[in-house]
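Student: These came from TrEMBL, pasted as-is:
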DOMAIN    3-233  domain 'Aspartate/glutamate/uridylate kinase'
SITE      K8  site 'Transition state stabilizer'
BINDING   G41, G42, R63, N155  substrate binding site
SITE      K214  site 'Transition state stabilizer'
Amino acid sequence: MMNLIIVKIGGNAIHSLTPDFFEQLKTWRQAGKKVLLIHGGGPQISQLAEKLSIPTVKKNGIRVTDEATLSLTKMVLLGNAQPELLTRLNQAGLAAVGLNAADEHLLSGNFINKDEYGNVGQISAVNEIALSKLLTDQIGVLAPLALTSEDSWLNVNADTAAADIARLLKASQLYLLTDVPGVLRGGEVVSQLIPQDVQTLINKKVITAGMQPKLLAACAAIHAGVHSVRITDRLTHHGTILQEVVSEP
Ligand SMILES: Nc1ncnc2c1ncn2[C@@H]1O[C@H](COP(=O)(O)OP(=O)(O)O)[C@@H](O)[C@H]1O
Ligand SMILES: CC(=O)N[C@@H](CCC(=O)OP(=O)(O)O)C(=O)O
């Protein structure tokens, strides 16, 4: 899809969006860019699970999703995280529409390993024609859920979903908004990375926890032709930029 910018907003980041964020979205829309926001909601899902006494089990940063967890995940993403983000966009005067996998079968997916993770998947296809029409006049706000060919719902890690959608749609840029200003090394933000550096930093245990799947998803997007992935807590020229080659300062 031409001129497409994808921004993933982690569940924590939804609460701390600043006026700059909305200004940048306005600038992009005025410049004729299509903008797709993929939202998380992981901390909110875990909070509700605790209230309902449903145990949270995570393996390699992925939520093991049985039937009860799938239903509460859908409730939180589509009933809480998504409307919260849409309200903020509306307040900022931005036209936006909330979307999920079942709208025109926007996102198809496959189970990653049903025995190990339950109803967890990865995105295998995007209905590009339908999405492109939807994004002409408004910003799309899409939840990280997919539907199998047999219409089973799948929970998808939001970083992986954003990177796979960016790869499948050949987005020009991907932003992964999180709760840290970028990839940190010795307390400092690393301003530029190439995919080869990522594996080295994982091996050296500089990159751990949630940052690990985030960067691996980012590398896959770069290899598939996405021009740049920025890992940051704001939509300006801050944070860590991941590109195929190091660019001149
Ligand atoms: N080298 C690193 N630089 C920055 N954050 C890191 C690094 N290694 C691990 N992390 C952790 O990764 C977290 C971000 O990933 P995650 O919690 O999954 O974010 P989100 O919910 O926004 O997707 C940071 O808050 C930090 O605790
Ligand atoms: C399979 C899987 O782990 N799905 C994630 C989807 C939400 C998410 O990724 O939200 P954040 O970006 O806020 O972490 C989950 O259930 O937490």
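Cβ coordinates are placed from backbone N, Cα and C, and glycine is handled just like the others.
Any TrEMBL annotation is an automated prediction that lacks curation.
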Student: Which residues, in sequence order, are found in the same chain with Cβ within 8 Å of the centroid defined by the Cβ atoms of G41, G42, R63, N155 at the substrate site, excluding those residues themselves?
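Tutor: Not counting the recorded site residues, we get G11, G40, I45, S46, T65, T73, V76, L77, P144, N157, A158.
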Student: If one measures from the C-alpha of G42 (substrate binding site) to the C-alpha of K214 (site 'Transition state stabilizer'), what distance in angstrom results, rounded to a whole number?
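Tutor: For G42 (substrate binding site) versus K214 (site 'Transition state stabilizer'), the Cα atoms are 14 Å apart.
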Student: If you count CB neighbours within 10 Å, which one among the binding-site residues G41, G42 has the smallest count?
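Tutor: G42, out of the binding-site residues G41, G42, has the fewest neighbouring Cβ atoms within 10 Å.
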Student: Between K8 (site 'Transition state stabilizer') and K214 (site 'Transition state stabilizer'), find the distance joining the two CA atoms and give it rounded to the nearest Å.
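Tutor: Pair distance, Cα basis, whole Å: 11 Å.
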Student: CB neighbours of K214 (site 'Transition state stabilizer') within 10 A?
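Tutor: There are 24 of them.
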Student: Do me a favour and check the Cα-Cα span between G41 (substrate binding site) and K214 (site 'Transition state stabilizer'); whole Å is fine.
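Tutor: Here the two Cα atoms lie 15 Å apart.
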